[in-house]
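Colleague: Structure provided below as structure tokens; questions to follow.
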Amino acid sequence: MGGKQDGDEASGKPAKYDPTFRGPIRNRSCTDIICCVLFLVFILGYIVVGIVAWVYGDPRQVLYPRNSTGAYCGVGANEDKPYLLYFNIFSCILATNVIVVAENGLQCPTSQPVTQSLQQELCPGFLLPSTPALGRCLPLANSTPPELPGIPSNTSISHGISGVLDSLSARDITVKIFEDVAQSWHWILVALGVALVLSLLFILLLRLVAGPLVLVLILGVLGVLAYGIYHCWEEYRVLRDKGASINQLGITTNLGAYRNVQETWLAALIVLAVLEGILLLLLIFLRQRICIAIALLKEASKAVGQMMSTLFYPLVTFVLLLICIVYWAMTALYLATSGQPQYVLWVANASLPGCEKVQMNTSCDPMAQPVNSSCPGLRCVFQSYSSTGLVQRSLFNLQIYGVLGLFWTINWVLALGQCVLAGAFASFYWAFHKPRDIPTFPLSSAFIRTLRYHTGSLAFGALILTLVQIAQVILEYIDSKLRGAQNPVARCIMCCFKCCLWCLEKFIKFLNRNAYIMIAIYGKNFCVSAKNAFMLLMRNIVRVVVLDKVTDLLLLFGKLLVVGGVGVLSFFFFTGRIQGLGRDFENPSLNYYWLPIMISILGAYVIASGFFSVFGMCVDTLFLCFLEDLERNDGSLDRPYYMPKSLLKILGRKNEAFPGDKKKKKK
């Protein structure tokens, strides 16, 4: 397939006939080279950041607890000592330290010289039954210590212990969750297999049932609106007979009170009636465009059936996205633990005799003796990780670089998937004799072609979207910081900014998606492709809206069908309500029977979204190709239409028969 793009199309005019055009252009060149170089340099810098984080970071600071000497528990020389024991647990469970636990992690003193600790009363004179939690020995919630001088009351201790254990009880829940997943994982895979089969069947059967299904869905929407009108009328009639009017209620902040006045239901009735009327008029005047949308849905189902490999391309996207997320998470973790631990002097009660002259929060060495042994309870405890050094001073900037890399790489991977699928489906549409003229490996050819020529264009579109998303993140951060202090005017302004950015993000996603389709077909740079796609869609705006809404309605129904079906089957199975199948999973075999159900539902949604995203991309690609076909060709022998006969019939057009075809018909 070859050809070139007409110059008139770049000016926003309808595309003219090009006798050399036969679908996705093969003779193309690299586009947006500057963006490609910038993206590759950024990726190299991202790799350097990861290397620096790996060299200077130490994730053991997060994974393992430290004792007062700074040594890790359960690692190296302490491999046979995996749990951290607090000699003075009361310094952890007092109310004044709960905030410290929540913000900085559990930082209780663990002095080692036991004899000296006993002499200075740094160690409690009794032990409590304890349980390991996150590598730490914590007292049981029902432990009751004896009444001893200087020890808080049993009530305060019990509340403190309960608070600490509640904050760390996630470990037990996690263990139970893993137990449930271990028992039911094979049945969860069966549920996901059912979701895969249902999604595949739904897409493939659309070529047969797209028309009736769309009709049923439209009638369903009309029926829901009609019932809403009837219900509002009944409520209005009852309240009207009772004389309940808004004049009697007046103005109130209790919004629920407005349900008991007739004007509320009258307003709802009018709104629903207007919507019903508008929808009926649209169905009458846009029936041809609805038929075009249905025909395109059927053609998309055929295209997916001809290229089944496209349905599994989301697995490639998923793997690439997983690599991007895992790389960012590991880099952020190593960067966050790149400093050396710092220790400061700390005492639970600074008013004790001998502690008045202690300078709190001064640096100290946990291996050395306390500088003031006359102060009972004086500790050298961990405070934070050092911020000195080039890496530590640049930690914030490196983390920002990592976040930017996360957004940019994720958006680039998504753009790659859209462009590759668009190239494959475009080769299907522009094959005049299907399936004979379809390339042998359309998906792999489109993948190689996209990576070779259009990495820069994809990076350009992904960067624009990334900048908008970063602005959204910054705005959300500012909003969270100022939420308690801002006035109603500031809240309104902030809401307007967030709404504008949300709309801008949606528009850029829409523009990028169609630009990638034009890039896959013509091989032009991002700006030219975005302009051509936008002008083409604006020349056919009514068809765009109708196709978009019909497709959204159909795919929403498909997702509800797949997710709802898997959810119902999972519920009856894992609760043991299917006799002979679900008995092994009745309580108490599973700690949380809803867990495998939720995993099945979530997995079904992900699978359905993956399949239907491919189908949606197919519909959008075929639609742009259909619009190009209408503008380029006229059905003559020299300029035949490439669209299927069903679309030609709806539009009242036809291709002139070739002489050889006429002879065959006469015979």
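In case you wondered, yes, glycine gets a Cβ from its N, Cα and C as well.
The transmembrane segment feature in TrEMBL is assigned to 33-56, 185-206, 213-230, 265-286, 307-330, 406-432, 453-475, 515-538, 550-574, 594-627.
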Colleague: In terms of Cβ proximity under 8 Å, which residues at least six beyond the ends of the transmembrane segment (213-230) contact it?
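Modeller: For the transmembrane segment (213-230), the nonlocal Cβ contacts are 206, 268-269, 272-273, 275-276, 279-280, 283, 290, 293-294, 297, 550, 553-554, 557.
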Colleague: Sort out the residues at least 6 away from either end of the transmembrane segment (307-330), same chain, that have Cβ-Cβ distances under 8 Å to it, and list them.
Modeller: 50, 53, 200, 203, 402-403, 405-406, 409-410, 413-414, 416-417, 420-421, 424-425, 428, 438, 442-443, 610-611, 613-614, 618
Colleague: For the transmembrane segment (453-475) and the transmembrane segment (33-56), check the count of CB pairs under 8 Å (sequence separation 6 or more) and say whether it reaches 3 or more.
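Modeller: Stretch pair touches.
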Colleague: Under an 8 Å Cβ to Cβ limit, what residues of the same chain, 6 or more beyond the ends of the transmembrane segment (594-627), are close to it?
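Modeller: Hits for the transmembrane segment (594-627): 177, 180-181, 184, 187-188, 191-192, 194-196, 198-200, 203, 296-297, 299-301, 303-304, 310-311, 313-315, 318, 418, 421-422, 425-426, 428-430, 513-514, 517-518, 520-521, 533, 536-537, 539-540, 543-544, 547, 551, 555, 558-559, 562-563, 566-567, 570-571, 574, 585, 642-643, 647.
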Colleague: Hey, which bits of the same chain come close to the transmembrane segment (515-538), Cβ under 8 Å, at least six residues off its ends?
Modeller: 5, 9-10, 12, 15, 23-25, 28-29, 31-32, 35, 415, 418-420, 422-423, 426, 446, 450, 453-454, 457-458, 460-461, 544, 620-621, 624-625, 627-628, 631
Colleague: May I ask for the residues of the chain that lie six or more residues beyond the transmembrane segment (550-574) and have a Cβ under 8 Å from a Cβ within it?
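Modeller: For the transmembrane segment (550-574), the far contacts come to 184, 187, 191-192, 194-195, 198-199, 202-203, 206, 210, 213-214, 217-218, 221, 290, 293-294, 297, 581-582, 585, 590, 593, 596-597, 600-601, 604-605, 607-609, 612, 615-616, 619.
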Colleague: For the transmembrane segment (33-56), give me same-chain residues lying six or more residues beyond its boundaries with a C-beta closer than 8 angstroms to one of its C-beta atoms, as numbers and ranges.
Modeller: 327, 330-332, 334-335, 338, 389, 391, 398, 401-402, 405, 408-409, 412, 455-457, 459-460, 463, 526
